[in-house]
Amino acid sequence: MTDLGADPGTDPEADEFLELEVGGVGNGGVCVARHEGRVVFVRHALPGERVRARVTERTKRFLRADAVDVLEASPDRVRPPCPFAGPGRCGGCDWQHASLPAQRRLKAAVVEEQLRRVAGIERTVVVEELPHAPDGLGWRTRVQFAVRRDGAVGLHRHRSHDIEPIDECLIAHPGVEAMGIERKPWRGATSVEGVVSAATGDRVVVVRGGARARVPRLDVPVRVLRGRPEPGRPVPYVREEVSGRLFQVSGGGFWQVHPGAAQVLTDAVLEALQPRPGEIALDLYSGAGLFAAALGERVGPDGLVVAVESDAQAVRDAKFNLRDLPQVAVERGAVAEVIAELEFGRADGGSGRAQPKRGDHRGGARVRGADVVVLDPPRAGAGREVVEHVARLAGRRIAYVSCDPATLARDLAYFADRGWTPANLRAFDAFPMTRHVELLAVLAKG
Ligand SMILES: C[S@@+](CC[C@H](N)C(=O)[O-])C[C@H]1O[C@@H](n2cnc3c(N)ncnc32)[C@H](O)[C@@H]1O
């Protein structure tokens with residue numbers, strides 16, 4: 001029997017314990033078991049195990065439970081490398097108790113199940129390992145720590161506002177750990193995010209909370225951003241590098257957190273879309289311009305890339321990052337609104353550089369649509385309205401990058417309604433030790 005460690009929430013007198021035969025894995029990093037006809041979502045267990053579990057939530061339809069003792073262990077079980085992982089402890093990692101190959105199999109099973117159940121798509125999914133973190137540790141280049149009232153730093157417990165104080169995060173990149181954030185007092189702050197570029201070593205710390213939050217002296221020189229970037233004021237940034245191109249990413253702005261992810265995804269998107277010189281491409285949810293840059297280089301000066309992004313600071317970063325690519329236009333706004341207004345035409349009848357036209361439906365510009373589209377929405381996915389616009393505008397290929405199997409599956413069903421089906425689906429282990437996975441669906445007509 002394996003005791004899974006002290007659980008600060010456990011009261012042996014008051015708590016309810018169940019013995020469970022653990023079934024398959026479900027969305028959200030939990031395994032599924034049954035007890036007296038009801039579904040039990042079990043954390044800290046693995047498929048095929050028999051466990052003793054503490055009930056953490058009881059509703060009319062289901063129970064939630066944390067495995068506290070393993071009575072029969074899966075061969076995939078390993079000792080969690082992090083001392084803060086375990087029932088009732090830090091909620092940052094879901095699967096430290098599974099070997100890395102087993103974690104990838106579990107993620108693949110979740111993606112397959114979502115595709116089958118939500119979109120009716122039968123696929124065998126293989127989750128590919130990314131370079132730079134062979135043991136699944138030391139990869140996270142952005143870590144947002146929570147701060148307790150007394151200034152101590154930690155990470156939230158699973159489904160809780162409670163904070164588990166930690167003095168080291170094993171999945172954090174060594175460049176984040178070198179700042180020593182967890183070992184300093186942060187009175188007055190609500191969260192502190194350490195950001196490092198694995199490529200250039202640039203570092204920023206983003207302090208959120210009260211204006212009077214004290215910023216302690218860190219162990220290495222770090223630029224500090226308090227709160228959100230303000231227009232007109234310089235914002236500390238890190239420089240990232242992909243395919244030999246530098247990208248400025250301000251403060252807490254979006255960038256892939258795994259040091260291998262941005263390059264692997266860019267290569268995968270280019271391979272999927274095969275953009276050709278002179279073509280028109282759309283990059284929706286474009287962030288700091290990662291995919292727009294690669295597409296802009298491929299379509300060349302006679303092509304056109306329209307990048308759409310809603311965050312003002314990300315748009316400023318993208319415009320700076322893409323300043324040498326006049327064939328890329330960055331549009332600020334919500335994707336649903338901007339693409340509803342966009343018309344693609346050639347301002348000079350096709351002989352020179354293409355220009356996007358926006359908001360002028362009566363102007364007579366020829367509507368050609370886009371040859372290729374990449375979309376990379378946040379976890380909530382693109383949704384039906386955006387999918388319908390994209391399905392109408394796209395010509396040859398669509399690349400859908402997603403970090404959520406459930407919303408990807410939902411949107412793939414919408415695309416299928418419009419005649420676009422997955423020609424290929426790739427999955428990447430961009431978040432080892434956690435339940436999260438990065439996905440790329442390549443869609444073709446028919
Ligand atoms: C997952 S990130 C992708 C960024 C970029 N493709 C990359 O890989 O670095 C999603 C981006 O979508 C932006 N975003 C979120 N909702 C949006 C919306 N409704 N319209 C436009 N952009 C949005 C976010 O600000 C964020 O930059």
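The backbone N, Cα and C atoms fix where each Cβ goes, glycine too.
If you look up TrEMBL, you'll see Cys403 marked as active site, nucleophile. DSSP assigns Cys403 (active site, nucleophile) to coil, not to a helix or a strand.
What TrEMBL lists as active site is Cys403.
Per TrEMBL, S-adenosyl-L-methionine binding site is recorded for Gln256, Tyr285, Glu309, Asp376. Sequence-distant neighbours of Gln256 (S-adenosyl-L-methionine binding site) (same chain, six or more apart, CB under 8 Å from its CB) are Ala262, Leu265, Leu290, Ala430, Glu438, listed in sequence order.
The domain 'TRAM' annotation in TrEMBL covers 11-69.
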Neighbour count (Cβ, 10 Å) for Tyr285 (S-adenosyl-L-methionine binding site) = 22
How many Å lie between the Cα of Tyr285 (S-adenosyl-L-methionine binding site) and the Cα of Cys403 (active site, nucleophile)?
-> 13
Tertiary neighbours of Cys403 (active site, nucleophile) (same chain, Cβ under 8 Å, six or more apart) | Pro378, Arg379, Ala430, His436, Val437, Glu438, Leu439
Write out, in the order they occur in the sequence, the residues of the chain not among Gln256, Tyr285, Glu309, Asp376 that have a C-beta within 8 Å of the mean position of the C-beta atoms of the recorded S-adenosyl-L-methionine site.
-> Phe254, Asp283, Ser286, Gly287, Leu290, Phe291, Pro377, Pro378, Val401
